[in-house]
Amino acid sequence: MHQPADQRSADSGDSTARKQKEAEVVIDAAQLNGSNGAGRPNGSVHTYAEALEVAGQGRFHTVLLFVTGLCLMSVVNETVNIGFIISAAECDLQLTFSDKGVLNGAGFLGVVCSSYVWGFLSDTWGRRSVLLLATSGALVTSILSTFSPHVWVLIGARFLVGMFVSGNAATSYAYLAEFHGEASRARVISWAAMFMAIGLIFLPSLAWLVIPLDGQVELHLFGMRYAMWRIYLLLCSLDLVLIIAGLLYLPESGKFLLTRGDREKVVQILAKIYHLNRGKPAHTFPVKSITLDAIDSAYADELERRTNLGLRYLWQQTVPLFRLPLLWHTVKAAVLMFGIFATSSGLFLWVPDILNTYVQHPDMQLCDVIAVMRANKTAARTTGQEQPSDVECPITINANIFLITSAMGVVFLACYILNGFIINRVGKKALLNGWFVVCGICGLAVLWTSDFYLTLILIAAFVSSGCLGGVLSAISVDLFPTNYRAMAMCLILMTGRFGAMAGSNIIAYLLTYNCDLIFILFGGSLLVCALIGATLTAT
């Protein structure tokens, strides 16, 4: 007896739905040309990681690395650039010493205050969506900040810039990592981190080209003098435009979409990657559907249960990071990132002033030079108070600051590139801990040398401990499951930003109290970090 046509159609639809729900990956071994899975029988189940291997590495991953690298560079650009305009903006905004301190820390404070929220949004809205929102907000507020008529308007604007650009920090690592398998993940994260060193070359080089033109170029917009320091801030935001353009081209994280149940869209994304990387038509992509691995499947079920919890989900995302088995991973990684930022970023803010004075006294020990520097600054402040308010304010940033900072940026960049090449050969933990020891010893050795060039080398090596942030991030990504990864990275990097602020203030105090303690405290802390790093073990 034949079934009615509508019944046959319904049965056919049910069958199709069941096949789609099974989420199997069907791969034709003949089309793989030796790629992963070539020996698998047709109809076997493949995970997202296996499908990524089929899609291969190529043009797509180059664009992805460039965009995520710029995201990390933007965090440096929008927080450190203020240090290069403080003196140039002094007359326009009538800056006092306290104003300069608040302005210099406004961007960092914004990063710290918002890092946690961005981690929550990244795990719920998606990696690409958060990066687009954060970058667009940073671009708008950064442009508006260049028109600030008063110091507190600029402080508020730069605080907002820091809040927005913070979303680019930890989300970039998760976004990049989720398009890479285990074999290449650590290497590309380290390469992306090198863009932060590029930022340290870009900023002083741009300042050297732009800010000294203030006496030669006069611009007026909206009834106000648009000084060169304002143009400098504007040009520092060009990378944000490139990021937005790149994100409009790139797709959402396939792993994130997979955990949300959008499996057909994941296949389409990987087919596009397959086309870009291998140069073959997207419709020939042999993977037809994708399954979750055990960890991602559990996360997908948990995410569905929490969709109606709202902000309570933020709490539920955070609590597991402070419970076993993730507790010690969270604490150790946060302490190590705090130590890295406190030593590198904290001291880096003072290096230009210290070395500018050191150039004039090359035959003295560094801490003796710091004493001279402190006396000069005290005398300068006393003299400045006696000057009339209508005296013309010159740009007081010495060209040596740009050269020194650029040279250190080149060193950082070389270290990041080296990390990318050797991290898989040496091992992430060995590289991290070995460098902790070397940098710590260099910091302590500064106290026992009076040779000018040797001291410069030791300080450069000491401050280059900041390059370990990328290595530690590569390790931290593996310490946490996908569902808590972005939140954990935001928490860890937020702790690092606190370290930068704390380190800078501690050094400011020690400069007037006991210079030797700077290198004893921070050099010793890196050696302690090496001991802690030796205990890190991925789950």
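Using N, Cα and C of the backbone, Cβ positions are placed for all residues, glycine too.
Taken from TrEMBL as is:
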type	residues	note
TRANSMEM	63-89	transmembrane segment
DOMAIN	63-539	domain 'Major facilitator superfamily (MFS) profile'
TRANSMEM	101-121	transmembrane segment
TRANSMEM	130-147	transmembrane segment
TRANSMEM	153-176	transmembrane segment
TRANSMEM	188-211	transmembrane segment
TRANSMEM	231-250	transmembrane segment
TRANSMEM	333-351	transmembrane segment
TRANSMEM	397-418	transmembrane segment
TRANSMEM	430-448	transmembrane segment
TRANSMEM	454-475	transmembrane segment
TRANSMEM	487-511	transmembrane segment
TRANSMEM	517-538	transmembrane segment
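Tertiary neighbourhood of the transmembrane segment (430-448): same-chain residues 343, 365-367, 419, 422-423, 455, 458-459, 461-462, 464-465, 467-468, 471-472, 475, 516, 519-520, 522-527, 529-530, 533-534, 536, selected by CB-CB distance under 8 Å and a gap of 6+ residues from either end. Simply put, out of 63-89, 333-351, 487-511, 487-511 has the most Cβ pairs sitting under 8 Å from the transmembrane segment (101-121).
Averaged across the domain 'Major facilitator superfamily (MFS) profile' (63-539), pLDDT in this predicted model comes to 82.
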